[in-house]
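Note sheet for the following structure.
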Amino acid sequence: MSSKAVVFAYHDIGCAGIEALLNTGYDIAAVFTHADDPKENNFYGSVAQLCARNGIPVHAPEDANHPLWIERIAKLNPDYLFSFYYRNLLSEPLLATARKGAFNLHGSLLPKYRGRAPANWVLVNGETETGVTLHRMVKRADAGAILAQQKVIIERSDTGLTLHAKLRDAASNLLRDALPQLAQGKLAETAQDESQATYFGRRTAADGKLEWKKPAEELFNLVRAVTQPYPGAFCAVGEHKLVVWQADVVKGNEGLAPGRVISVNPLRIACGEDSLVIKFGQRNDNGLYLAGPSLANELGLVDGSVLRGAESGRKPRRTRVLILGVNGFIGNHLSERLLRDDRYEVYGLDIGSDAIERLRSHPNFHYVEGDISIHTEWIEYHIKKCDVVLPLVAIATPIEYTRNPLRVFELDFEENLKLVRYCVKYNKRVIFPSTSEVYGMCQDQYFDEDTSNLVVGPVNKQRWIYSVSKQLLDRVIWAYGAKGLNFTLFRPFNWMGPRLDRLDSARIGSSRAITQLILNLVEGTPIRLFDGGEQKRCFTDIADGIEALARIIDNDNDACNGQIINIGNPENEASIRQLGEELLRQFEAHPLRGNFPPFAGFRDVESKAFYGTGYQDVAHRKPSIENAKRLLNWEPTVEMSETIGNTLDFFLREAMLEIADKK
């Protein structure tokens, strides 16, 4: 009996995959594809037309991972799911509908070049070989065990189009041999070597910009990677756009500055190393396809002309980052990190400046004292002026959720919604701080941004107003994203470090847990452990968290656009009791220990005695950080003991200043 398959496919390689299944005797129960985008240059074969000609049911749902589609696919009872250049990630519940497994054909030699547009990326990077890989699909994109691979040699004359044709042929050959063996259970699987994995994001037309300060070889590779039918490599010439379709490298640059025209026949441009001959191109997106000398004439170029983008002695404009809540824990550390990089200029607003005094003399740091609920004109102007917006203003301490729930809603939701709408109005990128609290009482072992349920308690437990305010904003931002808003949501998991809070905040109960514990040590009062202190959290060093956030701002290859990213350290899981015990150990060994009273012990306390009846806690909160690894190439590195030590030292020195002031 033939094996039954459900197929997810698009593009020429999608057609090749379907044809291979038909030729090797598989029964295709249904095919899922994408509707063609009229804005794309559709140079490839149509999966929908192929299915129509072969009488195969074909669908193009907006979301194949929707429970209704998963239910329909499950009723087909497929032996296998196959993905051939389908553009969307398939969820674990969908993958589980296949009795014998789900498999993807990827256009590279995994684990190299995971992600989007691998055929273009290998050309951009000057690789001499690539290939195709048949691998098992798992939760993480392109990370499953490998069943078969076939290499493809990349010639210097290859372009994105010719390489794609080679990959299509390689896919047909690989599937012709592998599919019968798969049906017979004869294909062995080999786990990918994660240490060799590389990931590349999607490419956009803007990535084709020619930067003449780079070596000519790099520009040559860019040209052939994005030449027709792709949008092309380009630069500016006066008020016009020069699109380069074919080029070659010539040794030497005659000692001229990058971007200067060495000659117009041939049209030869000096680069940072060697020079690039433009063989064919056009003026603007709607111009005629011309040879280099004719193109130079049309653009008015002469020997010695300078193409825009050449080094002119003027640095490119810094990226302007607006941080609302700049004096807060994340805001002040992030500002410090960005100011170490000359590419950024930071504009900040907050109601105080004690944590950023060290930054105020920096020439690229601009601070205004103000309140987001009052200084609306200043905020709207600066959102319009800046490139990236981080609205970090929020009430984020549990005691306030129960004693001031309306204030939490007004600030955390209503005021922040205004900021989001300004970003929509002026088409600005917003990086919004969601929270690990949105997962609520989720029962998953690891909280996943894309699949975990967000579970909160009853209405009379007011502690959830912070969680649902943030969650609702997440959903609003996601909806605006569907209409064009460029956003990233990041979810911090228990970040700790210097300048986390103030001891005075702990004195009124409005602080994070570690600050409260340190205050108990400093004042010689018992450390209160609510409900036994058995609640587990994953504590993340502020340096690790800020590095991840800086990479989100950098946004290499636009990988973070429209993404939700947990930022936490699952290896640093500990209960609040264990946190207190480690604090005590380091406190007793600290050089300043002699300035403080004796330890008063641990005391178990009911949480409602402190937080009130509106409080409800969660037993654990552990993040999945696969998105952060994949999108940011980031992993946390700081152990919890080091984070605790740095945080403790900061607060003990603050306490010493208080003691000195009293004297």
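From the backbone N, Cα and C atoms, a Cβ is placed for every residue, glycine too.
According to Swiss-Prot, the protein carries these features:
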- Arg116, Val138, Lys139, Arg140, Ala141, Asp142: (6R)-10-formyltetrahydrofolate binding site (BINDING)
- Asp350, Asp371, Ile372: NAD(+) binding site (BINDING)
- Ala396, Tyr401, 435-436, Arg463, Asn494, 528-537, Tyr615: UDP-alpha-D-glucuronate binding site (BINDING)
- 317-663: region 'Dehydrogenase ArnADH' (REGION)
- Asn104: site 'Transition state stabilizer' (SITE)
- Asp142: site 'Raises pKa of active site His' (SITE)
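Location within the structure of each feature annotated in Swiss-Prot.
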residue: Asn104; record: site 'Transition state stabilizer'; DSSP class: strand
residue: Arg116; record: (6R)-10-formyltetrahydrofolate binding site; DSSP class: coil
residue: Val138; record: (6R)-10-formyltetrahydrofolate binding site; DSSP class: coil
residue: Asp350; record: NAD(+) binding site; DSSP class: strand
residue: Ala396; record: UDP-alpha-D-glucuronate binding site; DSSP class: coil
residue: Ser436; record: UDP-alpha-D-glucuronate binding site; DSSP class: helix
residue: Glu534; record: UDP-alpha-D-glucuronate binding site; DSSP class: coil
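Of all the binding-site residues listed here (Ile372, Ala396, Asp531), Ala396 has the Cα closest to the Cα of Val138 ((6R)-10-formyltetrahydrofolate binding site). Residues Asp350, Asp371, Ile372 make up the record's NAD(+) site, and a Cβ search at 8 Å around their centroid adds Leu324, Gly325, Leu349, Ile351, Gly370, Ser373, Ile374, His375, Val393 from the same chain.
Within the same chain, residues at least six positions away from Asp371 (NAD(+) binding site) with a Cβ under 8 Å of its Cβ are Ile351.
The shortest Cα-Cα distance from Ala141 ((6R)-10-formyltetrahydrofolate binding site) to any of the recorded positions (Asn104, Asp350, Ala396, Arg528, Asp531) is found for Asn104. The binding-site residues listed here (Arg116, Asp142, Arg528, Glu534) include Asp142 as those with a Cα within 10 A of the Cα of Asn104 (site 'Transition state stabilizer'). Across the region 'Dehydrogenase ArnADH' (317-663), the prediction's mean pLDDT works out to 93.
The Cβ neighbour count for Ala396 (UDP-alpha-D-glucuronate binding site), using a 10 Å radius and every protein chain shown, is 21.
In the structure as shown, the Cβ atom of Arg528 (UDP-alpha-D-glucuronate binding site) sits within 10 Å of 18 other Cβ atoms. Counting only residues at least six positions away in the same chain, the Cβ atoms of Glu92, Asp448, Thr451, Glu626 sit under 8 Å from the Cβ of Lys139 ((6R)-10-formyltetrahydrofolate binding site). Nearest neighbour of Arg528 (UDP-alpha-D-glucuronate binding site) by Cα distance, taken over the binding-site residues Arg140, Asp350, Ile372: Asp350.
Put simply, Ala396 is the one of the binding-site residues Arg116, Ala396, Ser436 whose Cα lies nearest to the Cα of Ile372 (NAD(+) binding site).
Residues Asp350, Asp371, Ile372 are recorded as binding NAD(+); their most distant pair of Cα atoms lies 8 Å apart. Asp142 ((6R)-10-formyltetrahydrofolate binding site) and Arg537 (UDP-alpha-D-glucuronate binding site) are 30 Å apart (CA-CA, integer value).
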